[in-house]
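**Student:** Can you read through this structure? Questions will come right after.
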Amino acid sequence: MWLLLALLSIFQGTPALSLEASEEMEQEPCLAPILEQQEQVLTVALGQPVRLCCGRTERGRHWYKEGSRLASAGRVRGWRGRLEIASFLPEDAGRYLCLARGSMTVVHNLTLLMDDSLTSISNDEDPKTLSSSSSGHVYPQQAPYWTHPQRMEKKLHAVPAGNTVKFRCPAAGNPMPTIHWLKDGQAFHGENRIGGIRLRHQHWSLVMESVVPSDRGTYTCLVENSLGSIRYSYLLDVLERSPHRPILQAGLPANTTAVVGSDVELLCKVYSDAQPHIQWLKHVVINGSSFGADGFPYVQVLKTTDINSSEVEVLYLRNVSAEDAGEYTCLAGNSIGLSYQSAWLTVLPEEDLTWTTATPEARYTDIILYVSGSLVLLVLLLLAGVYHRQVIRGHYSRQPVTIQKLSRFPLARQFSLESRSSGKSSLSLVRGVRLSSSGPPLLTGLVNLDLPLDPLWEFPRDRLVLGKPLGEGCFGQVVRAEAFGMDPSRPDQTSTVAVKMLKDNASDKDLADLVSEMEVMKLIGRHKNIINLLGVCTQEGPLYVIVECAAKGNLREFLRARRPPGPDLSPDGPRSSEGPLSFPALVSCAYQVARGMQYLESRKCIHRDLAARNVLVTEDDVMKIADFGLARGVHHIDYYKKTSNGRLPVKWMAPEALFDRVYTHQSDVWSFEILLWEIFTLGGSPYPGIPVEELFSLLREGHRMERPPNCPSELYGLMRECWHAAPSQRPTFKQLVEALDKVLLAVSEEYLDLRLTFGPFSPSNGDASSTCSSSDSVFSHDPLPLEPSPFPFSDSQTT
């Protein structure tokens, strides 16, 4: 009843219901439960006390604000199921959730708004009546003016795609002015923008999250009252990813002369939009030659990008000697191509750098000494080469220097790693090129393999017995194999593994992609819920990448094979003898995938193709994410092309990835919830019967798939949170793991058995070639949010 009166007072324009209860009242005002946990909005005046209770039950209820549980003491507190605010302030506005302890079920979803009737003018109010305060002070009427013009000095905002932009126009006046926003001279309300906008009138601001190139333009704030108006314009430029290989600053690294025993720094300034892979190389002489038989130079890799490297653009040489003299190259590559520049280091005896300008005779003497020193340097270099040659032939006990030719494969792509590559890998991801100023940066047609030995990962080829094929991937095939002695703890036993290899007709790009995937897997490390790298075979034969074997195939087929009997839920292949899956088992599948994605997120790896088909299942029903290291050409996606199994990859893509090709961890969160929908439909196909052309417009309008019949509303609320149009409003994988962990703790095997509850609904037969319209039942036609999530996620997430 209290809620009904409050809502009626809001809609009728009367003062909002006072939420303060008298101390003599036996019952404090309580919110009655609302069916389907619909959001409730209450308007509270500034300074007004608030006292609400969560139903009639005092115990077992907790209040949360913006994802954080309220303390039991303080000005704003949650106490014995009550929400109490001593005096309502602007910062108290926001979303409050009352959750049942244990099950974390949402009892109430409440939004408190501040009544700004004293700071804005209604149509039926006389501005003159607002010129005096309640204390009797009279303020002169004044046209609008800027209160903080110094905060508006930055007129041009140039930001990368995916960032958040905030424009502010703080103003004042009497009567209190209103603010409106224009884009390129037209009224701007954000209704056609993916993710919408946030207009914070109390802060005189416009906020746009996850900006894309279509957001470019001139944004004007128009502030006006009855006495006048003022305006100010901002120019927004959204910077797209630059499709260019790294650019090296001219003149760097620079030729350097140093004395023996001094320290030298060589600087290489790299500009690259995509994450560059940088290496410092020293040119060496082998058997009296600087180049191999194939024309590629011999180089020693001195420094490479790794996770702990913060100054990879600087090469430090300590206590240099004559042997350090020579040519050094800074090599930088990204997904587009390679760039490099070289410099010479000259090392002289200390006395040879004692220059003087006292007399012409002294200058001539210095020149003679310099020439003599150069001759001595050449002799030393020759002696050093002979000595090094003797060391190689004599097999001295000192550790040999790692010398290698430039690896003959291209830098296939930018790793999906924001952090840089690990020092554990000695492999240099560069295509074999001749380091000259005239040749092109990339060569074509190279298919020979010349990979350096990586002792940490190399596995003897003769201990690997290949078996039957398991399938074909994007650029190769996967076969089952038996590896003898793969497990160090069981050196006399064999292990079943999967081996990735190239097809017979593979190109040099296919080779580069496989090498790139191998390197990414080295960098990522090990986790229970991802497919882990076990070893590689790079020497004396084709490249083999050895990974864990998942005996039960991919998750989609795993789910479909375990559908309960029925005419509408039939598997494509043979039915599993294990029987249908229970509800806790399905939640466990989602939980394990979320854990794997949380780990990949911690390693700065963006998957970009998360789906049930890319999750593999082991013999022990452990979920393992696969294909996180694949090179994917996101700028050349055919949106209308089906995969080999008939599914459209775009149906798993977030709107910002689909329309603007912006890939972040939050776009992976969107894909994860499509995967969650697949789980609770037991391998169903997303958006069944919806043509791709129509899907685009439906997603822009905010439509989302309906709740699967066998999915609880709590989990569907979780899906809707992850399908938020604004990426920053989606939960992180860490929050998803915590939420699913709570669900697992709350349910038991008796909670829900799919054998008894699966109804006739089957989304598995839909196909993108269908001519069905958007009226199909798979869509919910209410824009977000349809219903709240039961989990207290924060409203703003960082991507």
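Backbone N, Cα and C atoms are what each Cβ position is placed from, and that goes for glycine too.
Here Swiss-Prot flags ASP609 as active site, proton acceptor. Marked as compositional bias 'Low complexity' by Swiss-Prot: 764-783. If you look up Swiss-Prot, you'll see CYS54-CYS98, CYS169-CYS221, CYS268-CYS330 marked as disulfide bond. For SER570, the entry in Swiss-Prot reads phosphoserine, with the evidence type similarity to another entry. Per Swiss-Prot, phosphotyrosine is recorded for TYR639, TYR640, TYR751. According to Swiss-Prot, the region 'Disordered' annotation covers 764-799. Here Swiss-Prot flags 1-16 as signal peptide. The topological domain 'Cytoplasmic' annotation in Swiss-Prot covers 388-799.
Situate these features within the shown structure.
**Tutor:** Following the DSSP three-state reduction, the secondary structure of ASP609 (active site, proton acceptor) is coil. Just so you know, the Cβ of ASP609 (active site, proton acceptor) picks up 20 other Cβ atoms within 10 Å once every protein chain is counted.
DSSP gives CYS54 (disulfide bond) a strand state.
Listed in sequence order, TRP146, MET152, ILE179, TRP204, SER205, CYS221, VAL223, TYR232 are the same-chain residues six or more apart from CYS169 (disulfide bond) with CB atoms under 8 A from its CB.
CYS268 (disulfide bond) counts 25 other C-beta atoms within 10 Å of its own C-beta, drawing on all protein chains shown.
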**Student:** According to DSSP, which of helix, strand or coil covers CYS169 (disulfide bond)?
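**Tutor:** Note: CYS169 (disulfide bond) is coil by DSSP, not helix or strand.
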**Student:** Please give me the CB contact count at 10 A for CYS54 (disulfide bond), counting all chains in the structure.
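**Tutor:** Neighbour count, Cβ to Cβ under the 10 Å cut-off: 26.
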**Student:** Find the one among the recorded positions CYS268, CYS330, ASP609 whose C-alpha lies closest to that of CYS98 (disulfide bond).
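**Tutor:** Comparing Cα positions, the candidate nearest CYS98 (disulfide bond) turns out to be ASP609.
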**Student:** In three-state terms from DSSP, label CYS268 (disulfide bond) for me.
**Tutor:** coil
**Student:** Based on DSSP, name the secondary structure state of CYS330 (disulfide bond): helix, strand or coil.
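**Tutor:** For CYS330 (disulfide bond) - judged by DSSP and reduced to three states - the answer is strand.
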**Student:** Determine, using Cα-Cα distances only, which of these recorded positions is closest to CYS54 (disulfide bond): CYS268, CYS330, ASP609.
**Tutor:** ASP609
**Student:** Using all protein chains shown, find which of the disulfide-bonded residues CYS221, CYS330 scores highest when you count other CB atoms within 10 A of its CB.
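**Tutor:** Of CYS221, CYS330, the one with the most crowded Cβ is CYS330.
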**Student:** Pop the mean pLDDT for the topological domain 'Cytoplasmic' (388-799) in here, whole number is fine.
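**Tutor:** Looking only at the topological domain 'Cytoplasmic' (388-799), pLDDT averages out to 72.
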**Student:** Using the alpha carbons only, what distance in Å do you get between CYS268 (disulfide bond) and ASP609 (active site, proton acceptor) once rounded?
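**Tutor:** Cα-Cα distance, CYS268 (disulfide bond) to ASP609 (active site, proton acceptor): 35 Å.
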